[in-house]
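Record features (Swiss-Prot):
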type	residues	note
BINDING	Gly9, Leu10, Gly11, Val12, Met13, Gly14, Asn32, Arg33, Thr34, Val77, Gln78, Ala79, Asn105	NADP(+) binding site
BINDING	Asn105, Ser131, Gly132, Gly133, His189, Asn190, Tyr194, Lys263, Arg290, Arg454, His460	substrate binding site
ACT_SITE	Lys186	active site, proton acceptor
ACT_SITE	Glu193	active site, proton donor
Amino acid sequence: MSMDVGVVGLGVMGANLALNIAEKGFKVAVFNRTYSKSEEFMKANASAPFAGNLKAFETMEAFAASLKKPRKALILVQAGAATDSTTEQLKKVFEKGDILVDTGNAHFKDQGRRAQQLEAAGLRFLGMGISGGEEGARKGPAFFPGGTLSVWEEIRPIVEAAAAKADDGRPCVTMNGSGGAGSCVKMYHNSGEYAILQIWGEVFDILRAMGLNNDEVAAVLEDWKSKNFLKSYMLDISIAAARAKDKDGSYLTEHVMDRIGSKGTGLWSAQEALEIGVPAPSLNMAVVSRQFTMYKTERQANASNAPGITQSPGYTLKNKSPSGPEIKQLYDSVCIAIISCYAQMFQCLREMDKVHNFGLNLPATIATFRAGCILQGYLLKPMTEAFEKNPNISNLMCAFQTEIRAGLQNYRDMVALITSKLEVSIPVLSASLNYVTAMFTPTLKYGQLVSLQRDVFGRHGYERVDKDGRESFQWPELQ
């Protein structure tokens, strides 16, 4: 039996992607480190109409021998050491010209390293992130490939068939560029995901602090969803999480430890943004907000050692309906904050493209987020259109200036209310407001003073607005 493509790793993502591809009519060879898992997979799907398109192999040698040449293998194992180990095993059984595709959440620089190592061995490589989770892998995820165009063209028919389709029928995949471009896009996709999930978490915290129960919070979010602007997968899962009940009928949120895990992509994105000098405070604070949660013991000790230090007057809504004035303020705040997060994310990608020469087509990349992935939602369509209309737009927020003008005062008022009346931490909502304010301020006065401060103590010099070059002031000696 000559198989079209191989899948290595039958965890949740690998198993579901293998089923997805097989259902599209391709013959899929599967291999797992433990053959018992492969047997379980085959048994569980023996009655599927496309079961004849699946075949499991006990050894890597048999797996490789089953594949049509040039062989194509999708690697779906844990990023890092497991990926390196799997790659080394495949190198031993694959031949010159064969293709390895790493789909893990890898750092884009690691993908560049793997590509060089494999090319030196005569193999071809593609880094291709996947978004959409278990359901996406099975029904159609978004893919983010990067590497050599000729390699992409060989794997393209399989990937496009398996990908989610947007409303216009276009598959949610595009070749993002050379080297680690695909993994870089996936990194910033995940950083945007971090930030927007955190915004919804902060909204939940705010509304609960204002006296709403979980079902009332969910009702507010349902109303916001009906307005379409915020309609998204992340809003849907926020509503589901708020409504979820434990076995005893109580809200599940009340039994969940407030520690948020992470896989590292958000941190990598924040680090890269800082290194290349792109302001991305919401993406950075989304990482910090998770770090806050990991300090559970310290937070408990602080609250015990200094009781009441964050005590505030409190604020209970008189009108808990979605039409209430404070809820309208919060709605406007969230709309602008999410626009701000996307603006930062895309600005990072634009600058990363300049630094690393990926050859990124940003409108095409954004279009791949419209379905199948965690970021999917209404806003991706007008954002794609904004970049298609003006690829050189100074900042995505300019395309949404009508919404920002209409809601910015409400945003400011809401942040003021939260910080003065509620014991609620809002790291990303506050960072997003600061980003909007800073990026629309032609002259930042603090920039003038701090430039002079640096000249006083370090003779670093400063630029003037009335002539080119740098100069230093003759400062009097300070005691």
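Heads up, the Cβ atoms here are built off N, Cα and C, so glycines get one too.
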Taking Thr34, Gln78, Asn105 as the binding-site residues to compare, which has the smallest set of other Cβ atoms within 10 Å? Thr34
Going by Cα-Cα distance, pick out whichever of the recorded positions Lys186, Glu193, Tyr194, Arg290, His460 is nearest to Gly9 (NADP(+) binding site). Lys186
Just the number: how many Å between the Cα atoms of Arg290 (substrate binding site) and Glu193 (active site, proton donor)? 13
For Tyr194 (substrate binding site), nearby residues of its own chain (Cβ under 8 Å, 6 or more apart in sequence): Ser262, Gly266, Leu283, Ala286, Val287, Arg290
Here the binding-site residues are Gly9, Gly11, Gly132; which one has the lowest number of other Cβ atoms no more than 10 Å from its Cβ? Gly11
Which value in Å gives the longest Cα to Cα span across the NADP(+) site residues Gly9, Leu10, Gly11, Val12, Met13, Gly14, Asn32, Arg33, Thr34, Val77, Gln78, Ala79, Asn105 as recorded? 22
Enumerate same-chain residues with a sequence separation of six or more from Asn32 (NADP(+) binding site) and a Cβ-Cβ distance below 8 A; give 'none' if the list is empty. Val8, Gly9, Leu10, Gly14, Ser38, Phe41, Ala56
Out of these recorded positions, Lys186, His189, His460, which one has the fewest other C-beta atoms within 10 Å of its own C-beta? His460
Spatially, which candidate from the recorded positions Gly11, Met13, Gln78, Asn105, Lys186 is nearest to His460 (substrate binding site), comparing Cα atoms? Lys186
Per DSSP, three-state class assigned to Asn105 (NADP(+) binding site): coil
One of the recorded positions Gly11, Met13, Thr34, Asn105, Lys186 has its Cα closest to the Cα of Gly132 (substrate binding site), namely Met13
Provide the number of Cβ atoms within 10 Å of the Cβ of Met13 (NADP(+) binding site), excluding the reference atom itself. 23
